[in-house]
Amino acid sequence: MIDLHNIRNEYSQQALSEKQCDDDPLKQLEKWLNEAIQAKVNEPTAMNVATVGENGKPSSRVVLLKEVNERGLVFFTNYHSHKGRDLAVNPFAAVNLFWAELQRQVRVEGRVERISPQASDEYFASRPYTSRIGAWASEQSAVISGKNSLLTKAALIAAKHPLQVPRPPHWGGYIVIPELIEFWQGRPSRLHDRIRYRLEKGEWVRERLSP
């Protein structure tokens with residue numbers, strides 16, 4: 001058995017004060033995201049999305065954050081996937097971004113909605129050709145007989161669409177509309193900085209939490 005008890009890091013890079021935080025948590029998220037990109041953090045847009053299905057059981061997976069706007073956080077996926085089925089019956093999610101190199105994480109909770117078909121079309125058209133083919137070939141989360149069947153299907157779709165690939169109707173974007181956003185900065189002695197924003201009567205309330 002692997003001994004994990006003594007695997008730990010001491011956090012000491014930066015501090016996070018209320019004065020440093022923007023009044024708008026989405027702008028604060030953009031600021032931290034930009035700093036992660038500038039620091040060349042590995043996969044700075046990778047975020048864990050947790051959902052809960054009708055059976056009450058949670059599931060989570062890492063997806064790529066593709067946009068932060070005034071409403072929330074946007075990601076794209078197959079609507080028939082496990083997360084898509086979860087969101088169809090329980091349209092809420094918890095999201096986490098972790099930037100180990102900066103000793104930071106951001107936690108988001110909120111309602112999830114599909115974005116407009118037009119916005120999904122626009123993003124889909126920007127994807128590499130092979131990724132667009134893959135969106136048609138993959139019945140995400142479905143059991144398949146083997147890898148060859150997937151590759152054969154992709155080849156058939158590529159032959160059918162050698163140039164332009166339309167967006168599959170079952171593929172598109174979601175937006176997580178935050179009700180809570182927490183910013184975490186690792187600090188010495190595990191006395192971390194935690195600044196939480198929560199939505200109250202349409203206004204953001206900012207508060208410090210005990211680590």
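Backbone N, Cα and C define each Cβ position, glycine as well.
Here Swiss-Prot has Arg61, Val62, Val63, Leu64, Leu65, Lys66, Phe76, Thr77, Lys83, Gln105, Gln140, Ser141, Trp184 binding FMN, and the candidate from Arg114, Arg132, Arg190, Arg194 in that same listed site is Arg194. In the three-state DSSP scheme, Glu10 (substrate binding site) is classed as coil. Of all the binding-site residues in the record (Lys66, Arg127, His192), the one with the smallest CA separation from Lys83 (FMN binding site) is Lys66. The binding-site residues shown are Arg8, Glu10, Arg127, Arg190, His192; of these, the one with its CA atom nearest the CA of Val63 (FMN binding site) is Arg127. Spanning the residues Arg8, Asn9, Glu10, Tyr11, Lys66, Tyr123, Arg127, Ser131, Arg190, Leu191, His192 that the record associates with binding substrate, the maximal Cα-Cα distance equals 43 Å.
Taking CA atoms as the reference points, Phe76 (FMN binding site) and Arg8 (substrate binding site) are 34 Å apart.
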